[in-house]
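Remarks on the structure that follows.
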Amino acid sequence: MRLVVGLGNPGPEYERQRHNVGFMAVDLLHRRYGFGPWKRRFQGLTAEGSVAGEKVLLLKPATFMNLSGQAAGEAMRFYKITPDQVLVFHDELDLPPGRVRVKRGGGHGGHNGLRSLDDHVGKDYWRIRIGIGHPGSKERVTGWVLSNFAKAEEQWLEPLLDALVAEAPLLVAGEPEKYASRIALLTQPPKPPKPPKPPKDGAKETAGKGTEAETAKPPGPAAGRTG
């Protein structure tokens, strides 16, 4: 069995906050793969189901972020799950918005949810780090993570969550490297169009007659670009 934990804070007022992107990922997993109903257990909400034939327990701790490890530790002890079978979706300040990294073990990087998990679970669990970007100064971090995603951020957030969930079979099958590669491929921003090739000598001569002058003009700004 795999234990898949989403980190976040319980309550509707926190639903769209950056700190709750782990909850968002687990909620989408629950819907897409037809998990059973949410039940209150282990100081949180749990749901049982399977992904690609692998039995999975979803967990959203109801302890608030700083005590997330208490809920995960209880579930692990009950089901005799080892740390390497635990997958944690969480927000990551040190990654640009929309970037994802998957790693096993490591430090908490100041993330209080991970700090609590380290205390109750150990450090040898898998982390799916979902980049939310950094506000620029330490003083602004709390306000940043506890603020809602802006409307403009939905352009990368929704496709990213879709990709995280669509490729989940790779993750639960124990292929995190392939999972991370697929996420990067599916969420790669479109490349800007290449500049037009310079016209050949013959085209230069006819351009002066007004027949191809228009096609020789450089294109305007690419649609959708914000600079």
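The backbone N, Cα and C atoms fix where each Cβ goes, glycine too.
Sequence annotations record features per position, and here Swiss-Prot assigns active site, proton acceptor to His19. Swiss-Prot lists Tyr14, Phe64, Asn66, Asn112 with the feature tRNA binding site, giving sequence analysis as the kind of evidence. Here Swiss-Prot flags 198-215 as compositional bias 'Basic and acidic residues'. Annotation comment: Swiss-Prot describes 182-227 as region 'Disordered'. Sequence annotations record features per position, and here Swiss-Prot assigns site 'Discriminates between blocked and unblocked aminoacyl-tRNA' to Asn9. Per Swiss-Prot, the feature site 'Stabilizes the basic form of H active site to accept a proton' maps to Asp91; the stated evidence is sequence analysis.
Recorded features from Swiss-Prot, shown on the structure.
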{"residue": "Asn9", "record": "site 'Discriminates between blocked and unblocked aminoacyl-tRNA'", "contacts (Cβ under 8 Å, 6+ apart)": "Gln17, His19, Asn20, Phe64, Met65"}
{"residue": "Tyr14", "record": "tRNA binding site", "contacts (Cβ under 8 Å, 6+ apart)": "Gly8, Asn20, Leu146"}
{"residue": "Asn66", "record": "tRNA binding site", "contacts (Cβ under 8 Å, 6+ apart)": "Asn112, Gly113, Arg115, Ser116"}
{"residue": "Asp91", "record": "site 'Stabilizes the basic form of H active site to accept a proton'", "contacts (Cβ under 8 Å, 6+ apart)": "Leu7, Arg18, His19, Asn20, Val21, Gly22, His111, Ile130, Ile132, Val145"}
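Apart from the site residues Tyr14, Phe64, Asn66, Asn112, the chain places the Cβ of Asn9, His19, Thr63, Met65, Leu67, Ser68, Gly113 no farther than 8 Å from the centroid of the site's Cβ atoms, the recorded tRNA location. Annotation note: Asn9 (site 'Discriminates between blocked and unblocked aminoacyl-tRNA') sits in a coil segment as assigned by DSSP. Counting Cβ atoms from all protein chains shown, Phe64 (tRNA binding site) has 15 others lying within 10 Å of its own Cβ. According to DSSP, Phe64 (tRNA binding site) is assigned to coil rather than to any helix or strand. The candidate set comprises the recorded positions His19, Asn112. Of these, His19 has the most other Cβ atoms within 10 Å.
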